[in-house]
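Participant: Take this structure, written in structure tokens, and hold onto it; I'll ask about it next.
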Amino acid sequence: MLTIYPVLIAPLFNKFTPLPDGQLKEKIEKLASSLEFPLKKLFVVDGSTRSSHSNAYMYGFFKNKRIVLYDTLIQQCKKDEEIVAVIAHELGHWKLNHTVYTFVAMQILTLLQFGGFTLVRNSTDLFQSFGFDTQPVLIGLILFQHTVIPLQQLVSFGLNLVSRSFEFQADAFAKNLGYAAELRLGLVRLQEENLSAMNTDPWYSAYHYSHPPLVERLEAIDKSDKKAD
């Protein structure tokens, strides 16, 4: 699905067009080349047809990598460098192997879920404790969903912590490439247009958000600047 969705399914709902030749394309290609990122295609997606939400992402396996820019991102950012800084952040995820780590972690979690369901499905004592003399698959699924809820909360919290750490690392990666000022402007611009919470309580943020709020990200960039000084 990771391969099929962006190539066959996503184009059914959005229009993907090649990024026109120009300075922006040249800057992104230069950045990708400097990081040895195997960029094959650059697309612009018409996200504005559904919302003003702006973003950029990359996909593809091995040597067939593609980068997609929301048209809203291009419209909202006043300078090309802000867009390139956002791309530098995304490429940081690739360079630091965050995508691979996340993919492997999700496969492990999926395997553990199937294993846990098998244990519940085959537990005669568990079914009997709920008043069932037989072991229907549907009932087993319901019991598994209820018994795993506390564990799911812990796993979700752990995944959020890891995801937040990855975001800070990707920001630092873009900053180390010389895009600190542009990244700050780009993040502020995205936050304003996407209407996301900018400064939530740190504990609430850590538990509920997979991405740190804007204030925390800007503070992290500023801290790294001070350390460098």
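Each Cβ is built from the backbone N, Cα and C atoms, and glycine gets one as well.
Okay, so TrEMBL annotates it like this:
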- 18-223: domain 'Peptidase M48' (DOMAIN)
- H89, H93, E167: Zn(2+) binding site (BINDING)
- E90: active site (ACT_SITE)
- D171: active site, proton donor (ACT_SITE)
Participant: Over the domain 'Peptidase M48' (18-223), what is the model's average pLDDT?
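Facilitator: Reported value for the domain 'Peptidase M48' (18-223) is a mean pLDDT of 84.
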Participant: Determine which residues of this chain, when H89, H93, E167 are set aside, have a Cβ within 8 Å of the centroid of the Zn(2+) site's Cβ atoms, and list them as they appear in the sequence.
Facilitator: E90, G92, H98, F166, Q169, A170, D171, F173, A174
Participant: To the nearest whole angstrom, state the Cα distance for the pair H89 (Zn(2+) binding site) and D171 (active site, proton donor).
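Facilitator: Counting only the Cα atoms, the answer is 6 Å.
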Participant: Have a look around E90 (active site) and count the other CB atoms within 10 A of its CB, chains all included.
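Facilitator: The answer is 21.
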Participant: Which residue, out of the binding-site residues H89, H93, shows the minimum number of other Cβ atoms inside 10 Å of its Cβ in this structure?
Facilitator: H93
Participant: Between E167 (Zn(2+) binding site) and the residue listed as 'active site', how far is it from one CA atom to the other, in Å?
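Facilitator: That comes out at 9 Å between the alpha carbons.
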Participant: Within a 10 Å radius around the Cβ, which one of these recorded positions has the most neighbouring Cβ atoms: E167, D171?
Facilitator: D171
Participant: Distance check, please: Cα of E90 (active site) against Cα of D171 (active site, proton donor), rounded to an integer number of angstrom.
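Facilitator: That separation, Cα to Cα, works out to 9 Å.
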Participant: If one measures from the C-alpha of D171 (active site, proton donor) to the C-alpha of H93 (Zn(2+) binding site), what distance in angstrom results, rounded to a whole number?
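Facilitator: It is 9 Å, counting Cα to Cα.
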